[in-house]
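Worksheet for the structure shown next.
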Amino acid sequence: MAKIKKKGTSGQAKNYITRTQAVRKLQISLPDFRRLCIFKGIYPREPRNKKKASKSATQSTTFYYTKDIQYLLHEPLLRKFREQKALAKKIARSLGRGEVSDAARLEKNHAPKLTLDHVIKERYPTFIDALRDLDDALSLLFLFANLPSTSHVPPKTIALCQRVTHEFQHYLITTNSLRKSFLSIKGIYYQATIQGQDIMWLVPYRFVQRVNGDVDYRIMATFVEFYTTLLGFVNYRLYSSIGLRYPPKFDTRLDENGAELAAFTLEGRTVGDAPKAIEPAKSSSDAANQEVSAEVQKKVDNVIKKAGLDQASSEQPTETAEEVTDAIDKFETTAPEADTLPQPDMSGDQAGSLFAPFTFYISREAPKTPLEFILRAFGCKRIGWDTVLGGGAFTHNEADPRITHQIVDRPSLPESSLPSIPAAATDGGAVQKVKPGTRVPGRTYVQPQWVWDCINEGKLLRPDLYAPGATLPPHLSPWVNPKKGGYDPRASLAEQEEDGEADIDAEEESDEEMEEAGEEKPAPTAANESEDSEDESVDGGMDVAETDDDDSESEEEEEEEDEFAGIDDEDAGSESEDEEETARTQHQKELEAEAAGLPFSSSGAGDDAAAKKKSQAKKRAAKKRQEEEELERQKMMMSRKKRKLLEKMMYSNKKTAEESAKLRSKRRKIEKGAAGK
């Protein structure tokens with residue numbers, strides 16, 4: 001006879017363990033258990049049936065895998081947590097005795113230090129695994145780098161986050177790995193490609209942050225501690241891969257001056273500058289080959305001149321050799337109904353040369369930190385800004401003739417309302433000032449959005465569209481492509497509108513205006529009110545029975561209405577014939593006027609235009625009805641399953657088309673209002 005199984009020895013009761021049981025088994029406190037789970041990447045699990053997993057379970061009971069807790073029993077960090085607990089008891093005992101100096105000595109000399117190196121190696125066996133998990137790490141570290149220091153967020157933590165994030169930004173600048181960026185309500189999104197992995201993170205805007213008490217900063221501080229260690233490992237590996245020393249030199253004086261990225265100095269492992277380790281070194285054999293080829297070319301040219309072969313060679317068509325470049329191929333669609341393939345991003349060489357030939361100056365009101373990072377990541381080496389924004393600039397002189405582009409984010413104001421230059425700045429000061437609102441000749445002025453749109457498009461856009469005070473084009477997400485049949489803000493209305501959509505929209509607007517005008521009726525006059533009251537007083541509030549004469553009159557009126565209804569049907573049937581006759585007569589008059597050499601003018605030009613629009617609307621309706629009938633015939637030949645699938649597709653396409661039509665109508669009204677001004 002088989003042995004009867006006991007309850008709770010198999011199934012969900014064995015696979016899951018509650019948090020209280022796990023804490024008791026590990027013999028640590030609940031905060032230490034949370035830290036340990038965050039470090040090791042162990043998260044709560046939800047069993048299918050909580051009652052089967054534990055008899056006393058409620059809706060708020062937290063479960064973990066039993067194997068995960070068994071795995072934590074052998075974690076070296078447990079010993080550190082126990083040492084911290086024992087040290088806390090000793091410090092509390094010393095404070096209870098009044099031995100403050102002994103308590104301070106114990107905290108300073110005997111506090112155990114946690115190292116997460118082995119945890120990083122366990123969780124990320126390969127470097128690619130670490131890069132894939134870098135999105136959340138960068139977002140949280142950039143968030144803490146912009147937070148104000150409080151009792152929950154110490155300045156030491158903020159400085160550490162700023163240092164590791166700036167080191168990561170320097171790697172992106174050196175290798176031109178940044179690809180896209182987007183300005184959103186939440187902050188600025190960035191996307192970089194490192195060793196084939198796309199990494200995206202969010203950086204908040206530099207506003208005054210108000211730290212609320214609703215957030216548990218102890219949990220976030222644990223994540224920050226883990227992510228700073230992870231990013232330190234990643235930065236070391238990235239810097240080593242391109243031949244740079246890690247960590248880079250850090251100038252405290254420049255950092256206190258607000259230099260930020262300029263406070264770091266990159267050094268190669270060998271003697272020389274950092275960029276030399278990045279640029280492909282030209283070997284001596286290549287230089288020798290170039291010299292030899294130049295000498296050979298000179299000799300060949302002399303021989304050709306002596307032999308008189310220049311004319312003969314010019315007469316023969318020569319094949320132009322195609323230059324071999326590292327440009328990425330683009331796949332263009334061959335038909336409008338074909339699928340659009342996702343285009344590859346630009347390479348690092350193209351990204352590194354986008355802003356290379358320019359010298360930028362960032363005005364005081366523009367966001368310096370993101371602009372400096374993006375411009376440097378896309379090849380710009382010369383960036384200046386005002387002294388108020390900090391040190392480390394290429395120039396602080398706004399009137400420097402080397403500046404080619406200036407980024408301005410202020411409205412265009414009349415010169416009368418602009419302030420004058422201070423007297424101290426005009427008396428031969430070190431930095432020459434430019435009067436606010438004035439423009440330096442030969443310099444291109446753009447708004448900050450121009451920089452973001454250029455890097456997302458991978459090319460330089462027209463700067464006149466982004467001039468100060470101009471209405472900016474829509475700033476769209478580079479990761480969202482317009483769907484087929486959807487609304488595309490970048491395309492014109494003429495490219496997206498359907499046949500007669502603008503006319504239908506105009507007719508609807510005119511009908512709405514007429515309805516609004518009809519609702520505004522004049523108030524009834526006193527004479528009309530008196531007549532109505534007299535009519536009511538005749539009846540005297542009594543119901544009067546109808547006579548036979550009244551019945552006969554009502555029957556005659558009904559017969560007359562029936563006769564008129566028949567006449568209306570006949571008129572409706574002959575409307576098309578009248579329209580054809582009118583069009584034929586109109587055409588005959590035009591021919592006669594043309595033969596006589598006189599301009600044709602008709603009093604009913606407006607009526608003709610209205611009739612023409614009406615006929616076009618009828619043609620469109622007939623065409624649409626014909627297409628619907630054809631579609632119904634095709635659906636009849638389908639199976640039930642395919643017909644249901646087609647109906648679902650048509651429903652979703654109809655919703656998309658309706659939403660696109662609403663957006664186009666809204667845009668049409670905006671453009672019409674702007675044109676009216």
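In case you wondered, yes, glycine gets a Cβ from its N, Cα and C as well.
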Per Swiss-Prot, the range holding coiled coil, considering 147-188, 273-314, 609-650: 609-650
Average pLDDT across the coiled coil (609-650), rounded to a whole number: 84
Tertiary contacts of the compositional bias 'Basic and acidic residues' (624-635) (same chain, 6+ residues out, Cβ under 8 Å): 643, 646
